[in-house]
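Annotated features, as they stand in Swiss-Prot:
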SIGNAL    1-32  signal peptide
TOPO_DOM  33-519  topological domain 'Lumenal'
ACT_SITE  S184  active site
CARBOHYD  N203  N-linked glycosylation site
CARBOHYD  N246  N-linked glycosylation site
CARBOHYD  N291  N-linked glycosylation site
ACT_SITE  D386  active site
CARBOHYD  N437  N-linked glycosylation site
CARBOHYD  N445  N-linked glycosylation site
ACT_SITE  H448  active site
CARBOHYD  N497  N-linked glycosylation site
TRANSMEM  520-540  transmembrane segment
COMPBIAS  590-599  compositional bias 'Basic and acidic residues'
COMPBIAS  617-630  compositional bias 'Basic and acidic residues'
Amino acid sequence: MSSCQPPPFLSSMVVRWLSVWIILASSAFASAKCAADYYVRSLPGQPEGPLLKMHAGHIEVDHENNGNLFFWHFQNRHIANRQRTVIWLNGGPGCSSMDGAMMEVGPYRLKDDHTLKYNEGSWDEFANLLFVDQPVGTGYSYANTNSYLHELDEMAAHFVTFMERWFELFPEYEHDDLYFAGESYAGQYIPYIAKAILDRNKNETVIAQRRLWHLKGLLIGNGWFSPVEQYLSYLPYVYKEGMVKNDSDEAKGIERAHSDCVAELDRAKGDVKIHVDVCEKILSAILDVSNKSGHCVNMYDVRLTDTFPSCGMNWPPDLKHLAPYLRRDDVTSALHINKDKKTGWTECAGAVSSSFRPRKSKPSADLLPGLLESGVRIGLFSGAKDLICNHIGTEEFINKMEWSGGKGFELSPGVWAPRRDWTFEGETAGYYQEARNLTYVLFYNASHMVPFDYARRSRDMLDRFLGVDITSIGGNPTDSRIDGEKGALTSVGNHPNSTLAEQREKEKLKAATWKAYYKSGEVALVVVVIAAGAWGFFLWRSRRQRQGSGYLGIYPSLNGLSSGSLPRYRNKRSSRDIEAAAEFEASELETLHDMDDRSPGPSRDNYSVGEDSETEDEKRYPPTDFDRQDGTPSASRT
């Protein structure tokens with residue numbers, strides 16, 4: 001009888017190996033994150049009512065250097081004629097996109113450092129919103145301190161990696177119409193990312209797998225694109241705004257700095273860098289001249305003043321609440337901030353800005369013609385009261401740019417597209433100008449951060465740019481007119497519901513969810529197979545036990561293992577999987593809208609809703625011209 005039984009040492013070894021395999025498989029399953037791991041279940045200070053559907057956390061983009069980008073995603077509240085995702089980036093370089101999320105286009109605004117309120121002009125009405133802190137080291141993102149990026153193509157490569165891994169987690173969004181939006185130095189980031197996406201889409205493997213990303217448009221406000229035209233716009237802008245009188249003693253210092261910049265740009269002979277130290281002195285001279293009794297002009301809104309030398313760094317007023325809120329332990333826990341993030345959130349990272357000084361990258365203005373000709377629509381908008389990235393410089397570089405057989409806003413040789421007056425709810429709002437895939441919008445009486453000043457107008461601009469049409473949905477369209485014409489119906493502040501489009505989206509989400517379950521189930525299957533094999537082995541031994549009285553005596557080490565132990569273990573695994581699936585379903589598959597329960601007026605029915613410390617980086621890398629730090633006379637293009 002003993003010849004039919006495995007030797008005692010083999011039995012012991014099998015048990016140990018089974019244990020090791022189960023532990024390893026369990027660890028792999030636990031470490032492979034899914035969408036449910038990023039689901040935001042509560043948000044401190046949230047307004048009354050159910051929470052918005054959102055996900056947040058880190059995604060690794062550079063394993064070697066521990067590079068992780070932070071994202072915060074808000075699901076759209078309603079679906080109009082098609083599904084869209086807008087990715088928002090702030091600038092700096094090194095300034096957090098939480099500025100955009102909490103002070104501009106996100107669904108929440110801060111009342112104080114512990115209370116949130118709804119933003120009635122939030123961009124998540126008809127589009128999914130994805131905010132990303134990048135490059136690594138910015139905001140909640142992090143990396144080893146010696147691995148910050150230097151060039152725009154490096155940044156774009158990181159971002160494409162981020163998107164690949166984000167879509168693996170959220171496959172239901174991969175085939176959305178994709179738009180990028182942002183402001184200031186994002187005028188450099190976004191065109192480079194767009195080019196990297198178009199290059200990726202040419203990859204044969206991507207084409208074969210039908211994983212093309214449907215990049216439709218770029219929407220950039222008060223962007224930094226072309227140093228030549230934009231540096232040289234400072235002097236004419238201050239003259240136009242009456243900030244300095246021509247030929248005055250105050251003007252002479254600014255004019256000297258302007259002349260030095262012209263000479264430096266001439267010496268570059270077409271090889272102009274994105275950042276030119278000599279030309280930065282023009283803005284510094286303007287701020288110095290404006291200094292009166294310790295107060296200077298706000299470079300982001302020339303109607304305002306600030307203490308010298310901050311000159312706008314303390315603006316907007318919501319900023320004083322932002323850092324205290326985002327450093328709270330309960331907030332970082334809610335947003336799934338990794339423990340590897342050792343320091344508190346800062347608006348702009350001096351170390352990132354000091355490192356990110358592109359020497360090889362050409363200005364993004366050189367990329368725009370190719371993007372336009374490829375079919376990507378581009379919208380540029382300016383707040384008329386911004387100095388640092390003012391509208392004169394933007395308009396000048398547009399007028400010189402050539403693409404699709406024309407120059408600037410030419411409709412035909414010598415015939416330019418007209419500037420069309422825009423009114424919003426009966427008030428003059430600005431003007432539109434369009435030609436050959438490019439749209440330009442000037443917002444009257446607006447600052448560097450247009451959505452902060454006019455959230456609902458900015459959302460109206462977004463809906464027009466995205467081509468949102470609520471004709472088949474219902475709701476009360478906003479009274480927004482260009483040259484007196486209303487155009488496509490869009491809605492701001494009233495939240496209609498989709499029927500057919502919503503049903504199609506539910507089917508899409510259901511298919512994507514089964515795909516996600518299958519993917520995560522591959523790892524779980526390993527655990528089940530191993531457990532089943534172990535159960536079969538012990539079942540065989542139990543039968544031998546019943547057939548021969550010497551079985552238990554020969555293998556006393558197995559006496560404590562009952563027939564129900566492995567099933568109980570497997571059931572514990574299954575219960576955790578069911579809980580994760582329920583969380584995934586709660587975050588991804590809840591009904592988007594409820595027609596019966598909708599109340600009139602603005603609704604939120606689709607809501608399913610650290611202490612700061614000076615780092616060694618900040619000591620070694622003091623704030624520079626591009627950094628937005630209190631108490632510095634810097635020129636941060638946030």
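Backbone N, Cα and C define each Cβ position, glycine as well.
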Suppose we draw a 10 Å sphere around the Cβ of N246 (N-linked glycosylation site). How many other Cβ atoms does it contain, all chains included?
9
Among S184, N203, N291, N437, N445, the one of these recorded positions whose Cβ has the fewest neighbouring Cβ atoms within 10 Å:
N203
Distance, S184 (active site) to N203 (N-linked glycosylation site) (CA atoms, angstrom):
31
Which one is closest to S184 (active site) in space, judged by CA to CA distance, out of the recorded positions N246, N291, N437, N445, H448?
H448
Using C-alpha atoms, which one of the recorded positions N246, N291, D386, N437 comes nearest to N445 (N-linked glycosylation site)?
D386
Given the glycosylation sites N246, N291, N437, tell me which ones have a C-alpha lying within 10 Å of the C-alpha of H448 (active site).
none
Using a 10 Å cut-off, grab the number of neighbouring Cβ atoms around the Cβ of H448 (active site), all chains included.
29
From N291, D386, N437, the recorded positions whose CA lies within 10 Å of that of N246 (N-linked glycosylation site):
none
Sorry to bug you, but what's the C-alpha spacing from D386 (active site) to N291 (N-linked glycosylation site), rounded to the closest Å?
18
Could you give the mean pLDDT over the topological domain 'Lumenal' (33-519), rounded to a whole number?
92
Where N445 (N-linked glycosylation site) falls in three-state DSSP terms:
coil
Which residues does D386 (active site) neighbour through Cβ under 8 Å, counting only same-chain ones at least six apart?
N222, Y300, D301, V302, A446, S447, H448
